[in-house]
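Features reported for this protein in TrEMBL:
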| type | residues | note |
| --- | --- | --- |
| BINDING | Gln53, Lys69, Glu90, Ala160, Val161, Phe162, Leu163, Glu234, Asp249 | ATP binding site |
| BINDING | Glu90, Asp249 | Mn(2+) binding site |
| DOMAIN | 136-327 | domain 'FAM20 C-terminal' |
| ACT_SITE | Asp229 | active site |
Amino acid sequence: MDFRENATLWDNFHLSISQDELYGARDPTVNRLLQYMTTLPISHISQKEGGTQIKLTIEFIDGGRALFKPMRHPREQQTLKNQFYFTDFERHNAEIAAFHLDRLLGFRRAVPTMGRTVNITRELYMLAKGDLLKTFFFSPEKNHCFHGKCSPDMLEGSFAVFLPGDTEVPRVRWRHPWRRSYSRRRKAQWEEDNEYCKSVKETHPYSEGRRLLDIVDMSILDFLMGNMDRHHYETIKMFGNNSAPLHLDHGRGFGKAFHDEVSILAPLYQCCVLRHSTLASLLRFHTGPERLSSAMLTSMASDPLQPVLWPPHLAALDRRLNIVLQRTSIEEQRGEPSQVRGGQAAAACTEVAARPRASSNAGFEGPFPQRPPNLHLCQSSTRQGCHGAALPRRTHTRAATIL
Ligand SMILES: Nc1ncnc2c1ncn2[C@@H]1O[C@H](COP(=O)(O)OP(=O)(O)OP(=O)(O)O)[C@@H](O)[C@H]1O
Ligand SMILES: [Mn+2]
């Protein structure tokens, strides 16, 4: 393989990053880069500071870089019942699956990520220096160990293509408005206040432009994979406030395959807004012919660590997609809103024709295969927004908007 020829793939990826997305829908660079990374020799490794779990910055022989998160647990290991979302272990396969899910939903805001097996001795230990070197030890069998995993076993990990350096292309870090409390006792305001979105909508940068719709998109992505760990998000500074947030850090997704954490959808059911192109993607997987689970399987089939997901997580995707549509009530008019688990009432909806608005949709206009004759949009018979009340059929107080 000629590394000089391929070296431009890294540049191509960086050059493709725009205000609206990290890469284009039809850009072949991402797949090529992922394929290329599967065998590319590693030349340097160092520990990446920050965060709670071990991650390495990987440098390849052509100068390309990736963020490596090692496998900690087998795929089928579920989040423990008494584990809080913020103490849950991270999963390398969740990082890989999240990239594919984000891409299939048409967001293209997650960093291209693939899985690869590395040889602990040859590809990590031999390249480690300083403090990182001290984290290696020998097992009684005289095998090299790295964070609990010992060679000669190979170590699986996720490799996420590096974004441009933070000094050349600075990013802005934002506190997520629907951040959880990260306390074992306290609840966040949004969990108790049905009017919460009203104040968010009045606050910069959610009061104008695309950002609130992006937060709703992110909540749908997170709900589908069960990720409750969205405390902050980042944007690229030079693109300004009307740019797409990056979908980073999905290590805590795909933890519980048999529980659907509907509260992750709070931005959707409390604000009652949804981007038209997102709705189109969801409907496409809902009406078929291909379900989300099967599209995910196909997309992830080329990953060296396939099968990336434990099958119950695939089934969960289809089940949760229906739940998202029920929350938006796109599916069909139902008399009663279904109850959200945990006693919270769901968003209720009424019939409104969809009016796609190009302006707020710029750059994310997906194909809309078959516009449903009537979209049932989220609304409430109380004055509490879409959230919090059991509603009679066809009330018309406030219709949430598909933008
Ligand atoms: N592909 C990437 N390229 C460059 N920087 C990245 C990339 N992915 C993540 N980062 C940076 O590294 C930081 C840590 O990554 P990440 O959040 O995935 O790790 P973490 O251990 O889960 O952190 P935390 O415990 O803070 O949630 C991120 O805030 C981000 O700024
Ligand atoms: Mn994290």
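In case you wondered, yes, glycine gets a Cβ from its N, Cα and C as well.
Sequence features, as recorded in TrEMBL, placed on the structure.
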| residue | record | DSSP class |
| --- | --- | --- |
| Gln53 | ATP binding site | coil |
| Glu90 | ATP binding site | coil |
| Val161 | ATP binding site | strand |
| Asp229 | active site | coil |
| Asp249 | ATP binding site | coil |
Which listed residue (Val161, Leu163) has most other Cβ within 10 Å, given these are binding-site residues: Val161
Maximum Cα-Cα separation in Å among residues Gln53, Lys69, Glu90, Ala160, Val161, Phe162, Leu163, Glu234, Asp249, which the record lists as binding ATP: 21
Binding-site residues near ligand 2 among Gln53, Val161, Leu163, Asp249 (Cβ under 6 Å): Asp249
Most Cβ neighbours inside 10 Å, all chains, among the recorded positions Glu90, Asp229: Glu90
Distance from Gln53 (ATP binding site) back to Asp229 (active site), taken between C-alpha atoms, in Å: 14
Lowest local Cβ density among Gln53, Asp249, which the record lists as binding-site residues, within 10 Å: Gln53
